[in-house]
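As written in TrEMBL, here are the features:
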{"type": "COMPBIAS", "residues": "619-628", "note": "compositional bias 'Low complexity'"}
{"type": "DOMAIN", "residues": "3-81", "note": "domain 'Ig-like'"}
{"type": "DOMAIN", "residues": "105-185", "note": "domain 'Ig-like'"}
{"type": "DOMAIN", "residues": "205-329", "note": "domain 'Caspase family p20'"}
{"type": "REGION", "residues": "604-639", "note": "region 'Disordered'"}
Amino acid sequence: MQKAIVITEQPVSVSVPVGYSFTLRCRAEACTSLQYQWFCQHQSACCQIPGATEQDLLITAQQTQLYTCRINDLYKNAIFSNWVKVEVHQCVARDLLPQLWRGEPVIILNPIEQKVEVGKPLQLQCAAMGVPAPSFQWYRNGNVLEHQKKKKLWISHAKVSDSGTYLCCASNSHGEHWTNAVDIHVGEQSQPTSGTCRSEKFFATDKIALLVGNNHYQHHPNLMAPVTDVFELSLLLKQLGFQVVSLLDLNKAEMMTAVSRFLQLLGKGVYAIFYYAGHGYEHSGRNYMVPIDAPQPYAPENCISVQRILQKMQQRQTALNLILLDTCRKWYNPECALSQVQPLEPWGNTVYGYATSEDAEAYELQDGEFSSGIFMKYLKKHILQEKKVTHMLEDVLEDIGRDPLVTGKQVMEIKHTLKEARALTDPICPLGAAALHWGHNHELLNEIVMFPCGAQVELRFHQVFSNVIYVCAKLQAPPSHIADVRLLLCRPTERQDVAILKDSCADQVESLLASVYKQEEQDCAFQLTGLQKIQTDVLLQLDLHYTQLSTKQRTCESLQKILQKSLVAQLFSHRNSTLPNYQQTPVSAGSLCLRDTSTLSASPKAQASLRMGSGHSLPNSNPSNSCSEPEENDESNLSELCSALLRAGPGQDCP
C-alpha cells in the first residue's frame, strides 16, 4: 500500500515592504522521493514559476501575490500546500523597520479618531508588517472585542455604547505591537462632558512621573543629594496631580524594568516626567545614566541612554515629555564609540531641563542635615507655577545664575520643541483607562497589636520612597502587673532581597520624614529599602521583654507581622520580569565623594560643598581619595534590552 504524501511544514503568509527578500518554505514526507513546484497567482491568473522546484522559494517582494506549492511522488500522486499571501507594501519609510528585523510586527498604519452619528457605520483600519503576517485583535476600553480580528474593524450601525478608546494588537510568533489608541465618540458623547475641560485650553489625559535617584554605588563614589532631591520632587509632583513612582539605588536591570513599565503606561495626551539624579555624563548631545552596579571604568554596555527613553516616550503620543537630568555632563573618554540613536520626531512636545551646561559638572549643596542639588534647590521654588513649563524652567535658570556658590561653574540649560503653552498645572481630563496603579502601593495602615500579657503596641509605616518603607513601633501604657518593659522590633532575617539602611543613612531619611510628618518618640524603628527586590511577603517580629511583678520573673513574648509584597515589588516581580541576582552595596557611614579636587565654600552660616554630575560632593576638609572619571557608555536598543531582561532567568546577569 502506497504511503500518502504528508506535508510537515506549510508555507506561511508574510507582510513585507517592497524590495524585501525572504523565503517561503514547504516540507513533505512520503515513501518515495518527492518533487516540488511552486505556483503564484496575481489577480485571476495562476501560473507555474519557472525553475521554482526546490523546497524553499526565495522571493524579493515586488507586488502582492498568492503562492502555493505542489508536491509529487514517483507514483504520480500530488498534493498542494495551503495558499499563502505575500502582501507587499509599496510606500513604507526606510527607517520604519529596525536594522536587524527578525519579522516581529511593525505598525505602518494607525486608526484615526472619529465622531460618528448613532446608526451610521463605524470603520477603523490599521496595518502591520511581519514575517509571518501578523494576526489582529481589536480592543475597546481595554476589553477584547471577540469578533473584531481583522485589520479593519467594522460596525454597521454604531450605538452610543460603542463610544470609547480603541486600539489594535498585531502579533505573530516573534512578538506583538500595538497601534496608537484613538477615541471614538458616537452620538451625544462626541463632545466632552466636563465643563472644566472644555473651558481649559490645554489639559492632560493623565500625569505620570518616574523619579530615579542613585546614591550608593558599588564601584564609584557615593552621593548624598539624590535622596533629598527625589523625595522633595515627588511631593511637589503629587500636588500637581502626577502619579509618581520614586525609586532609589537601582542597578541596570532594575532601571530598565522601571523604565519599561513607565513607558507602557504612557498614552495619547499624557504628561510624562522622567527625572534622574546620580552619576552620568554627556557626549555629542547624548546623555547617559550610570546604574549603581556599573563597573569602574564603565564599559559601553553598562549605562542607559536617555535619548532612547525619549524616543519610546514620543512613540506613545504623549502631549508633554519633560526630561529632568540632575547629573554631570562632563566627557572624559573620547575613544569610546557613540551609540546609534535615530533623530527624534519633530512632534513639538519635548522639553529637556539640564541641571548644568554641556561639558560641565552639576553640584550639590551640603547644609546641616540635608544635602540637595543646586538644581533642585531652585526647581522646587518654581515648579508649582501656573505657566508654560519652559517659562518655569527659565525662572529656575535665572535663579541658578544668580547663586554666588556656582557662579562661573554651573549654568542650567534648557532645550525644547514645545509648540504649545502646556504647563504642569494643566488639569487632567481622562479619555480612556488611566494608569490607576502607577505610584499607588498597597497601603500599609497604622495598627495596634496586643501581646498576651495585655501590652499594646502601635505599628506605624511611612512610605518614604516607592521602594523604601520606614517602620516604627510605639509601646502604649503597659498594664499594671508588668514592669521594666522593653520593646524590640526585629529586622527580617535571612533576606538577601531586603536591604536595611545603616544608621548614618537612616538619619538622612528620618530627617526627610520629620520635615513632612509629625514625629513622635518611638521605642524602636528601622527602614526597609530595596523593596523592588522583594518577591514574597516580609515577616517582622516584635519582642516584648518585661518583669512579672507577682513572680519577679523576666519574661519575653513575641508577635509577628506580615508585610505584604508592595506594588513596586509586583512591578519588578518575576512574573513581570526576572531580575538577576543583586549584590547589595555596602552603605558608607556618612561619607562624601569627590568629583574634582577643588573645594567651594558657602556663607559662614551654611558651609556648602558642591556636587558634580548630581553627586560628587566636596566636603570642607578631608576630601575623599576616590574620584569618578566617567567613561563613555553605550547601550543596546532599549526594547532589545528589555526583551533580554524578560528572558533572563534567576541568577543571570542583565544583558
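Glycine residues also receive a Cβ, built from the backbone N, Cα and C atoms like all the rest.
A TrEMBL annotation is a machine prediction, not a hand-curated record.
Mean per-residue pLDDT, taken over the domain 'Ig-like' (3-81), amounts to 92. For the domain 'Caspase family p20' (205-329), the DSSP counts in helix, strand and coil order read 41 helix, 39 strand, 45 coil.
The helix, strand and coil residue counts that DSSP assigns across the domain 'Ig-like' (105-185) are 3 helix, 44 strand, 34 coil.
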